[in-house]
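Peer 1: Per TrEMBL, transmembrane segment is recorded for B:6-26, B:31-50, B:56-74, B:86-105, B:141-160, B:172-196, B:202-221, B:228-247, B:253-279.
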Amino acid sequence: MQRTTEALTAPPLAISGLSVAYQKKPVLRNVSFQLPHGELVGVVGPNGAGKSTLIKAALGLIPKLAGEVQVFGAPSASQRKLIGYVPQRESVDWDFPTNALDVVMMGRYGHLGWFRRPGAKEKRLALECLAKVGMADYANRQISQLSGGQQQRVFLARALAQDARLYVMDEPFAGVDAATEKAIIGLLQELKREGKTVMVVHHDLATVKEYFDSVLLLNVEVQAFGKTAEVFTTANLAQTYGGRFAYLNQQDAEMNESGAASGIGRG
Amino acid sequence: MTDFWIILTGSLVATCCSILGCFLILRRMALIGDAISHSVLPGIVIAFMVSGSRDSFIMLLGASVLGLVTVFLIQLFQQSGVQSDASIGVVFTALFAVGVVLVSLNLRQVDLDLDCVLYGEIAHVHWNTWTLGGTDMGPKAVWLLGFTLLVIVTLVSLFYKQFKLCAFDPLLAAAVGIPVALFHYLLMGLVSMATVSSFESVGAILVVGMLIIPASAAYLLTDRLGLMIVISVAIGIASTVLGYAAAYVLDASIAGCMVCAAAVLFILAFLLSPTHGLVARKLWRRMNQQSL
């Protein structure tokens, strides 16, 4: 793969004028933004705001009506090895006959090309990735015997095995235990230190300020995009969530008082 | 010698079907296999009407095309808002009916017997032999099935990682650049081939049993895909042998006995599997209750 200087300085993900519709119903309308290098970016919005759709369209997994997606200055189809993807945990069948190590090795399939099979090198790398998410002891465990949080960590290890420069994660924090949440955020920080860019669909408004450098507020259209400190404001959230935000805000206030952290507006 | 050819034919059917069956049931597409096995009938008849011969390879081609058309139509209807099980039902019954009509229209010229299409006649395989340059090369069905098995084994082992990832996580497969649609249609094409090759021996209905039952039993017995395929094939071949023995003793339909044997093996797996089995689960529960 060509890695010119231009490719390295171009934004990790640049989307302009993206529109997507499912059977005439617009899901994304005229979405444009550019991810900055080496940041953790949260994507926040109500249910049905098109967050997962945005990710799938950015990766070229679903057809788009209009718009352009560039990854490091080229169409995403030619930059697949630079992208690591964590789908929603519920999107796969966890009863599939395979173990954790095997799932992580799947992260290498793109690099192996058409005919090469995963071998000792891939296995070693997969074990390293499992160790990074604290799952080394579970390498040979059948995946249905893992807890939800452990399954999520296996998915993250698989994305690490993709050895990408841009990571795109769909709700990695959904339904995980506190230990896994901590492990994931530690991992995101490490990726950031390595200069990688991570875009995360997130549903827990209470932790946005703590976790993300930038935030994209989405509800079919981009409502706001920028540094979390500047953009993650009550006014912008009210605009993004519409009428529902009054309720969320009240809950938020109660939660801040009690100091508890739990999911709000899962979507 | 007859026994040998029948068991060989049956084992080849079982092997072709059990390998593909694993991928079908893991992708929750067992019913698509059912649909294909029925809707290839018009393909066979049209291939016969166009070519005027019962050359198996031409029929294989015609049927494989129809198999892909089936899958394509089912997906088209699903995407246009028809419920998925309904669209499967509509497509395969309609195509099968077209096949029945075509057979009945051409009844005088075709020696395609509907009974044979539905139930197969494995006992007759050794009568229909292939002669090459004057020498008898053995039953045609064995050659056809052997060729199909070779294609299946070659493609599945060459693209094992792609088939596996497309079955487990098609989203990631697409994200890393694996042509998911291509492998989907490749699998469906192989299922069509296996179905047609097995047609003469076990018929359109019982071939579904060979596609689904051994793989479903294997699914209960292991937690590894590679091993699941091996076990599935072993169960398929065991059903063939046991089924033939039962048919010999009972003087009953051979293909029927083979699928019945597969069903018996499935029930054994269902009851006795060390991890998923009913008995193991009951025992485990009782032990836990006692320890409480």
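Every residue gets a Cβ built from N, Cα and C, even glycine.
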Peer 1: Could you tell me whether the transmembrane segment (B:56-74) and the transmembrane segment (B:141-160) are in contact, taking contact to mean 3+ Cβ pairs under 8 Å with a sequence separation of 6 or more?
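Peer 2: Between the transmembrane segment (B:56-74) and the transmembrane segment (B:141-160), which are separate recorded stretches, there is contact, as judged by 3 or more close Cβ pairs.
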Peer 1: Determine which recorded stretch among B:56-74, B:172-196, B:253-279 has the most C-beta pairs below 8 angstroms with the transmembrane segment (B:202-221).
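Peer 2: Between the stretches B:56-74, B:172-196, B:253-279, B:253-279 has the largest tally.
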Peer 1: Name the range, of those listed as B:31-50, B:56-74, B:253-279, that has the largest tally of Cβ pairs under 8 Å with the transmembrane segment (B:228-247).
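Peer 2: Top-ranked stretch among B:31-50, B:56-74, B:253-279: B:253-279.
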Peer 1: Between the transmembrane segment (B:86-105) and the stretches B:6-26, B:31-50, B:56-74, B:172-196, B:253-279, work out which stretch tops the count of Cβ pairs under 8 Å.
Peer 2: B:31-50
Peer 1: If we call contact 3 or more Cβ pairs under 8 Å (sequence gap 6 or more), are the transmembrane segment (B:172-196) and the transmembrane segment (B:253-279) touching?
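Peer 2: The answer is no, given that the two segments have fewer than 3 Cβ pairs within the 8 Å cut-off.
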